[in-house]
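According to Swiss-Prot, the transmembrane segment annotation covers 25-45, 73-93, 97-117, 134-154, 168-188, 199-219, 236-256, 263-283, 288-308, 338-358.
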Amino acid sequence: MLLLLAEYLQQFHKGFAVFQYLTLRGILGVLTALSLALWLGPWMIRTLQIRQIGQAVRNDGPQSHLSKSGTPTMGGALILSAIAISTLLWADLTNRYVWVVLIVTLAFGAIGWVDDYRKVIEKNSRGLPSRWKYFWQSVFGLAAAIFLYKTAPTSVETTLIIPMLKDLAIPLGAGFIVLTYFVIVGSSNAVNLTDGLDGLAIMPTVMVGGALGIFCYLSGNVKFAEYLLIPYVPGAGELIVFCGALIGAGLGFLWFNTYPAQVFMGDVGALALGAALGTIAVIVRQEVVLFIMGGVFVMETLSVVIQVASFKLTGKRVFRMAPIHHHFELKGWPEPRVIVRFWIITVILVLIGLATLKLR
């Protein structure tokens, strides 16, 4: 929005041309979203408290979690508001990738909002039934996949790239739709499973989102893409503004979500942020790198799959409780220790993901 205004004002003063720079608008995206989250956060927390929109805590979980009962939830609406406003202000609104990521993020946020609403407001412990949740996730995930497939100008944008094997490119054809669906929906649910401790999900999301922003910037620049042997995706660089907004909104939310949390993001935030990461990774053809950098999300998801499969097949549980962060809590790890160690793991994995840029 402001980019269009700056382009108009260039005829009066050339200084407004500075807003053409992606890096500047990415930084402004961070600062705008961060400011909005910090400004609106206290008001949202008070509103949630007044409306008694509080988190219910499982009785079979760690006893330390009982004190969290009643903590305001659905704070993900704060994150999504800050991301949306910042992106609409600073991004090029003629760029199709910006709209795809933004719409997918808000659509999955809407699914999470309905789920949270039924749990908290309607006092329905099941929330949105799983079959309906996955149905709507599938609808929006497939819609995004089909749109990206149908509008791809070159086969590069539907080719699977393997890090460290950059000479190997696997044309997916219509299989791109299937892969994209699983990446978006899988990433959405993986972040949601991770969101069980104060700040546990949001900081890895911020770090992975920041790294994906770097991939977006490099993939959108033909010279960098050719030098690094990564897919050149025209227009992908504009997503650095969205990634910047995600970083700012995430850090602003973490200000209130850090241990002991004043607010939880709820499904409205977790499902949306996971879907955003998955969609961005698909656009820049870095699904495998997302799998690496989001290793904490993958680990949390696998722990649930293993736990359920083991119990159904043998009647025994592999972990004391799943997702795996609860397993470590029940082993006696204090909550802050689990959180920070998972953050450290994410830092290492993100660095490995970024290192694939130079590995041939």
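Placed from the backbone N, Cα and C atoms, the Cβ positions cover glycine too.
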Inset, instruction - Given the cut-off of 8 Å on Cβ pairs that are 6 or more apart in sequence, determine whether the transmembrane segment (134-154) and the transmembrane segment (199-219) share at least 3 such pairs. - result: no
Legend entry - Which of 73-93, 97-117, 199-219, 236-256, 288-308 contacts the transmembrane segment (25-45) most, counting Cβ pairs under 8 Å: 236-256
Legend entry - Distant-in-sequence neighbours of the transmembrane segment (168-188), which means Cβ under 8 A and at least six residues beyond its ends: 104, 108, 134, 137-138, 140-142, 144-146, 148-149, 152, 155-156, 158-162, 270-272, 274-275, 277-279, 281-282, 287, 290, 294, 297, 301
Inset, instruction - Taking the transmembrane segment (97-117) as the first stretch and the transmembrane segment (338-358) as the second, find out whether 3 or more Cβ pairs fall under 8 Å, excluding pairs closer than 6 in sequence. - result: no
Inset, instruction - Decide whether the stretches the transmembrane segment (236-256) and the transmembrane segment (73-93) have at least 3 CB pairs under 8 angstroms, with pairs required to be 6 or more apart in sequence. - result: yes
Legend entry - Selection from 199-219, 263-283, 288-308, 338-358, the stretch that has most Cβ pairs under 8 A to the transmembrane segment (73-93): 263-283
Legend entry - Result, the transmembrane segment (199-219) in contact with the transmembrane segment (338-358) (3+ CB pairs under 8 Å): yes
